[in-house]
Every structure is written in structure tokens, then in C-alpha cells.
Amino acid sequence: MSIANQSNTNSLPFLLMGIPGLEALHVWISIPFCFTYIMTLLGNSMVLLTVRLDKSLHEPMYYFISMLAVIDLIFSTAVVPKMLGVFWWDSREIGFEACFIQMFFIHTFTAVESGVLLAMSFDRYIAICNPLRYTTILTSSRTIQIGLLSLARGAGVMTPLMCLLTSLPYCKTRVIPHSYCEHMAVVELACADPSVSDLYSLIVATLLVGTDSVFITFSYSMILRSVMRLPSQEARLKALRTCGSHVSIILLFYIGGLLSMYLQMFSFGVAPHVQVLVADFYLIVPPMLNPLIYGIKMKQVQEGIFKLLRQLARLSISQTD
């Protein structure tokens, strides 16, 4: 294919199918998707507002929770509104550039979230295993630097992948059998050998997930070891409940991501609509659960939210009077 023809072909938009085989049920499927997105917006916004306004929460642990909330808001907003447009109005067309921008946001902020989860496990490790040095090791400025480093790492490893993908000629069908610009579904539309981009994405995903998960496992293993040495049973149960909820959402994030990736690479005989639904739920469910597990369930954040709600209630009453 000539360079001019490739350029003309790559300027054409893609078409999203939604959930292949379940098109007749799109409106009904959109109901839990819409509810989940609304809960994601409300939960993460509430956590952010509470941490911002309550000065007692201006500590590294709550800064990491705020970072996670920002990531989840960006992550969900990059995907769900377009997905709902497909379900509700059959708005299937997505521009070539818009498709890869969406893909970039998905992959980048998945990597950023992995880095923040690693930082949060390190935060808990220092707080429980070395509490006397906590304030000197994790200062506010160092916390922000860790967040920026996670962002730079995510963007740094995903930018070359996007360059590789956008350089491929897409001269096959423009129909993506998915409800968003899923990486493997888009690559299958290329009419050139995508082995370089496939190898790069596999190596990056394996290294990121492998490295982060190993360090997270080490951190929580050390935390568990220290917790079991605590003299008070009440203190042990409190620490185990907190760490248990953290570990559950970490497992959901990593196992869900790996399951979604491998189902796209190797179907294992699973129906296409099941593969798409697994990928969709992986993108929309963790962002809704994160504020519940990391934010609202924590006593300090609960108290901050109740304080914020009382202030808002008093403000609305005074305005009514």
C-alpha cells in the first residue's frame, strides 16, 4: 500500500459494535453501566472533596487515595460516556485519532493505577512496620513525587506503543467488535504484521504487572508478619480488616486485568460477548469499588464525609431561610 493510500485509509473513523451478539439488549445492559458510572463519579468526587477540605486528612495515605480517585475518574470518563452513546443512540462512529487517544488513556492510567497501588502498599508497610520513621520517609512532597513518577512511567511506556499502533495501515474492515477501542480488537484490523507492537505490549504488561505485584506481595507479607506480632487482638483484627480490603481490590485489579487481556489474546472457546463483557466490567467496576474500599470505608474519611454533608445541609437550609 502506498503512503498516500495508507494516510487516507487511516484518516477514516472506526465503528464500535458494542457487545457483539447482544445488540438487541444494549438498552438494558446500559442500565447497570450507567448506574456504575454515576456511583463512580459520586464516590470518587466525594472522596476528593473530603480530603481537600478536611485538613486532618492532609497526610500521605489520603493523598494516595486522592490520586486513585483522580485516576478512576479519568479512566471511567475516557470509556463509559462513549460506551453509553453506543448503547443508547447507536453512536458507533469514533474518529481514528479519538480511538487511539482513548486507548492511550486506558493503558496509561492502568499503569499509573498499578504504580499508585504499589505506593499505597509501601505506605501501609512503613506505617505498620516502621511507624516511628513514617513522617520522615513519606513527606507530602515525596508523596507527590511518587504520584508524578507513576504518571511519567505510565505515559513513558505507553507512548512508544501508541506510535507503533498508529503507524500500522488499517485497510481491513473499520468495525471494532467491542464497545471501546480495545487494543487487541483494533490491532486485528491492521493489514500489516503487528508482531512488534504485540511483543512490546506483552513485555511491558508482564514487566509492569510482574514487578508491581511482586513488591506489593512483599509489602503485605511483611505487614501480615508484623500484624500477627501485635499484642492486642483488637489491633490485629483492625489491621487485618484494613489490609484485607486493600488486598481484595488489588486482586480484583490485577486478576481482572490479566483475565481480560488473555481472553482477548486467546479466546479459550469463550463466546465473543462474554469476552467483551469481562473487559467492560474490568474497566467500570474497580473505579466504583475503589472509593468504597480505600476511602469511604476508612473511619477518618467517613467522619470527613459526614462533616462535609452536615456543612452542605446547613448551607442549603440557610439559603432556604
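For all residues, glycine too, the Cβ spot is worked out from N, Cα and C.
Summarising the annotation, TrEMBL assigns domain 'G-protein coupled receptors family 1 profile' to 43-294. Here TrEMBL flags 25-49, 61-80, 100-122, 143-168, 199-223, 243-264, 270-289 as transmembrane segment.
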Given a Cβ distance threshold of under 8 angstroms, which distant residues of the chain, six or more beyond its ends, lie next to the transmembrane segment (243-264)? 110, 113-114, 117, 120-121, 124, 182-185, 205, 209, 213, 216, 220, 223-224, 227, 270, 274-275, 278-279, 281-282, 285-286, 289-290, 293-294, 297
The transmembrane segment (61-80) vs the transmembrane segment (270-289): 3 or more CB pairs under 8 Å: yes
On the domain 'G-protein coupled receptors family 1 profile' (43-294), the mean of the pLDDT values is 88
